[in-house]
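TrEMBL annotations:
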type: DOMAIN; residues: D:6-167; note: domain 'Arginosuccinate synthase-like N-terminal'
type: BINDING; residues: D:10, D:11, D:12, D:13, D:14, D:15, D:16, D:17, D:18, D:37, D:118; note: ATP binding site
type: BINDING; residues: D:88, D:93, D:124, D:128, D:180, D:189, D:265, D:277; note: L-citrulline binding site
type: BINDING; residues: D:120, D:124, D:125; note: L-aspartate binding site
type: DOMAIN; residues: D:179-397; note: domain 'Arginosuccinate synthase C-terminal'
């Protein structure tokens, strides 16, 4: 343990990571650099400065990464209509690669030889942080205190704080939630507590970002989203930067009770866990993006995207953002988005985000062909006979030779 | 055209297929056998008997296929969490293979050498009927009047009726909808009319099976679905047959404004079309099935199912139910469902079907491992380090050799 | 048929396409533009000029497309290690998109409104030509004489020639083969004749590009292929252009009895057919490319390539080179080739092309880690325990809950 | 370490595993049960009895598993045309699940609480043994001496033998090869030594199962393989059990210089390694199985098999034979094999196994349709026009709207 000279810690300013600062200083006898980022979690990050100073930290990084996060991570992911296991919008997963990248960049800037984080040994986040770190700086030392130390209960943590003069009011201002939570621009997650029983319904007062559908307005809200090459660039005709788009949609979605999710998921480390998520903006974005694609994507590229999506989601969920396979999939996905431009009209109402219209200058919808009315010869119905006959040929040959088809 | 001696027609009893009866008799100078099935479309089928008799039909088949449809088609499809292009629950597609199968069986019973249907030359249904027919009886002759005749407008059809004494009141009892509709146990679909403009929102009075979310009750409805090997066998503890399950869920869903869908889809014949669908029960079933699987499926089989699903959906959408590739996929899917048993609790409220709990004797959720509390050694957090290190190895080697990972 | 004013014909200069020139002039009363390309088929193309002139053709295009063919079609395809149905190197398929593209470009240059080709109505080539043509010029008229005319036997063709003063010696210089053959830079194919019996072994004198393995030299030939970003740029240290590479490898392979293939394949139009192919250079290139990738590709991108390959092969085989899905797949494939550079050493001997060595500056093979000798701590074997434990966790939980795993 | 009472060891009778017996007895102070299996490695297994007795082992299992290995592992794998990374026939991988299963069964029979093996911490085999063991007996303790002990060099091993009176002549009878080798019915593998340089060609005297192509007979050998439902049941008309088939084909292949392979592969633990393999019989089986499938499989199931194969190969390579995903894939694969029956004729000559004929009562090859001669109307070439037109429709619409296709 004596080898580490300086370590960059992903520091939230909360109690746990404050304990980690002290524990790293003591255990590794090394300098600690703290890195605190605003990725849209909805809490002030500046207070982390004083806290870090109090703990004797000399190099303190505090950054607003919201735009970068939305533009370079959230947006590319939504181009693929990404959902993990049919439901989960990957709100936690997608934030980790950016943190890992900045940890490594700061390590390089400050001459640190190690990084550290506050994720536990049971979860996915440790994997995501560390895979990213190793991919970007292969010789880096990673310190994961929760896998090493013996502060395995809240009582022991509190005792440690007392012994080391760590002010516990760091986190006591807000009442300790019974849930383990994580928030960023895209979502807030809840785990633990009564959620550990998958049959138990989440309590209404757990949810923080959205009103309940029951409490949402009795009138629907309509919103128009303008897409340019797969990304939302305007809301109701007003140009916005990526993180502003997500923030605005979070507000609209949350106000209308949209984006709550309650699932049991399969972690990369091999266990099932139950989590609840609020992703108001993301839930709107997923449907809207599918809608603009429905008009502008070719059928076969759309289907191929659907076949690749579960793999892409798994790659991100498992923490392989910084990998050749992610770049390979991204290249395929991005290739399809050149014409994914236009406007989608959504209706938001008491928990539902519904597509009610879509239009595009790049639309492949051809009313003159699709029409039930006279199409003036745009489509020759007789072509269908040959189409069916040849598509059936292999089946007919097989049946003719006695193969059972049922 | 003189070769056809007897043709079995998929006969709805409506105006169009009544015209087809007469047109087949005249054009092919052949006997017509009518086949009318109750597949849950919500209309009486028995009146088709008199109508067919009036048209001179001697062999008339009228059948209640609701249970077979639900059990052998809808249920197997839902085991795969099947959705086409991210949204569509395949309500129309899944009914066609059963109709095709019965047409062929009746052709065999009655010694008919041809079958006929009332689907147009622009749509998917012609393909689904005919691929099924050819697969099951490779030498069958298929007559698709809409691809052959010149009755290409409603006016011409009416004139034909008048000329041939076909009583037009056959269908005039219900006011002619501006939409082309199709209904069965699983859904009702709407196409045409103002829907041909993808930007136009569907009118409220188009929808027939569900109330609007706005008009749904202000109190949520909770329902518990019991699964046995991937299929729902009980609702709120009451045993039901498959079609009763779907009917009951249609009622519950429809009453709560659930299951409306408005999409632009890619037809197999190569064009985009806009359709609206109501699938109240199916929308509940999709989410519930995912929920029971989340507890009982292994991660890797779940992910593999997700990767195969788009292909399976495409196979059904395109009309290849009666094909080796469908059976191959079904074998894989069914293999995974042996332990997909348990209960899912859903909340239905103003358009949303939300999972709020799930339990199973076959659950793979292990609270003793997943817990945030002390797990008494069930999981050794130190294992994670080796897990991450070896998963990172290929990335570290690459980075060590100068490969860029970002 | 009177609408066509000018048609561009893919003209080989042989008897069949000479008949087509005349038939088009007569049947459509239109001007015919001929297009004859050297794509490495091994026959002079210049003689086609006089033949076309004799037939009254005024606009005659004769072009050497070998380099373009190798560079823009063959090379990109080999980056994917493309094989159709486990065996076929797609020699015919890959030449069609280039012909289609030039036909359309010439149509645009000459103001032609139609294109024509000499492919039959049973094969894949008609599909490939026409899909390409429609994709590049959606309003083009395609004339496929073999699907239209009644010259359905050799006798009728000959009679037509006599009636229309088409000199039959056009093709009589080489004895008429019993096989239907097609050749280009990448391969020569044989169909028909005794090959229509899949049990019959091809006769030795059918093969034209390769000696039999038995007749090949008794000493192996070694060759070194240098790759740059997935493409061969040098043979035995000598820089070559793409088509020179293929030609050189055809020579080396053919001399050593390499590249014969005898398969039954599934055509896109629905039937099985039996074909024999000689692809001497391509057979070497496939193995060599895999070898250089084995050293330079990351595992996961390599596996993803393998999963996508069958789809990519199908896309090309079916004629969808000019499609969004091909471009999407190509984007993914090309993204992986940036580091696929280095040298592969092959041994060619009596029918086999065997890799015996490979090296690369971009190698990801790390001898210091892979070694069976002391690795000086480069790899910590204890990491494997955690790796296995967590990978086994889902299986252990399942078994612990009584799931059968065998 | 005191917890283990009895351990079942996969015991080869060689020096390394003899050392492990002693080391287990000493280190864990536990009883050792040895398990030695004949899986076709070509060495006597009975001598292992005396050796084990000498080491004080009381419970000794020696078994002939060749038939079970061929029937239940090799055969099912070949139904999928399984190859890893385009080249490797998985000879080592496929033997591990059977060993793991017997280790666990013997542990259950003898009341052992642990198993042990002699695989190193760098390779795939440890993973395959242990994943299998955990899947079949989740609470089992696994002891992997190579990851634990400090006998990390041959010298230390020898010193240990001397200290513990382990007779070194156990293994000295055959000169120590410079390669790490592993053999079973399906193949023999070579790693290490000069092979650690991927540019170095393997030495001729390394290969043990096959003559060099140069030394093979100058006359080809023809062989006919009879398939029943995907499995070979006869060679040249003589019925054989599965392991007899593989043994016979190994002989035929080895005599004709067939089945040598030299590759760099990606291990599951994250590194690349170079291996040489001899798989004479398997190389013949792969091509022959593809050939019988080419005649009897439907196109779409064949293509779907090709798309699934890389995943299936990866599952086996990585050690997940005893997993739900393997069973799921196997269900799909086996579903397709019902009609994969018939005869394949192969030519074996100086390193090549070439298909020269195939026939089947279940053939889907329809000569009356495929013929270049008059097909008497079996296939209507005019159908192709509609087939192409509708398949082109999406491309034409896109091009018509200005999308670039090239």
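Please read every residue number as a count from 1 along the shown chain.
Cβ coordinates come from backbone N, Cα and C, glycine included.
Heads up, TrEMBL stuff is auto-annotated, nobody curated it.
With respect to Cβ neighbours within 10 Å, the binding-site residues D:12, D:120, D:180, D:189 differ, and D:180 shows the lowest count. In the predicted model, the domain 'Arginosuccinate synthase-like N-terminal' (D:6-167) shows an average pLDDT of 96. In this structure the alpha carbons, written CA, of residue D:265 (L-citrulline binding site) and residue D:18 (ATP binding site) are 30 Å apart. Cα of residue D:124 (L-citrulline binding site) to Cα of residue D:118 (ATP binding site): a span of 12 Å. If you check the binding-site residues D:88, D:93, D:125, D:180, D:189 against residue D:118 (ATP binding site), the ones with a Cα inside 10 Å of its Cα are D:125. Residue pair residue D:14 (ATP binding site) / residue D:93 (L-citrulline binding site) shows a Cα separation of 21 Å. Long-range Cβ neighbours of residue D:125 (L-aspartate binding site) (same chain, at least 6 residues apart, Cβ-Cβ under 8 Å): D:92, D:96, D:117, D:119, D:182. Listed binding-site residues (D:16, D:120, D:180, D:265, D:277) with a CB under 8 Å from any chain C CB: D:120, D:180, D:265. Cα-Cα distance from residue D:189 (L-citrulline binding site) to residue D:18 (ATP binding site): 22 Å (rounded to the nearest whole number).
In sequence order, D:93, D:96, D:97, D:100, D:318, D:319, D:321 make up the list of same-chain residues 6 or more apart from residue D:128 (L-citrulline binding site) whose Cβ falls under 8 Å from its Cβ. Distance noted between the C-alpha atoms of residue D:10 (ATP binding site) and residue D:88 (L-citrulline binding site) is 25 Å. Across the residues annotated as binding ATP (D:10, D:11, D:12, D:13, D:14, D:15, D:16, D:17, D:18, D:37, D:118), the two Cα atoms farthest apart lie 16 Å from each other.
Sorted by the number of other CB atoms within 10 A, the binding-site residues D:18, D:93, D:124 start with D:124, the lowest.
Other Cβ atoms within 10 Å of the Cβ of residue D:16 (ATP binding site), summed over all protein chains shown, number 16. Local packing around the Cβ, expressed as the count of other Cβ atoms within 10 angstroms, is greatest for D:277 among the binding-site residues D:10, D:88, D:118, D:265, D:277. Using the Cβ center of D:120, D:124, D:125 for L-aspartate, the list of other same-chain residues with Cβ within 8 Å runs, in sequence order, D:119, D:122, D:123, D:126, D:127, D:128. A Cα-Cα distance of 21 Å separates residue D:88 (L-citrulline binding site) from residue D:120 (L-aspartate binding site).
Cα-Cα distance from residue D:18 (ATP binding site) to residue D:120 (L-aspartate binding site): 15 Å (rounded to the nearest whole number). Max Cα-Cα distance over the annotated L-citrulline binders (D:88, D:93, D:124, D:128, D:180, D:189, D:265, D:277) is 19 Å.
Between the alpha carbons (Cα) of residue D:180 (L-citrulline binding site) and residue D:12 (ATP binding site) lies a span of roughly 14 Å. Looking at residue D:12 (ATP binding site) and residue D:277 (L-citrulline binding site), their Cα atoms lie 20 Å from each other.
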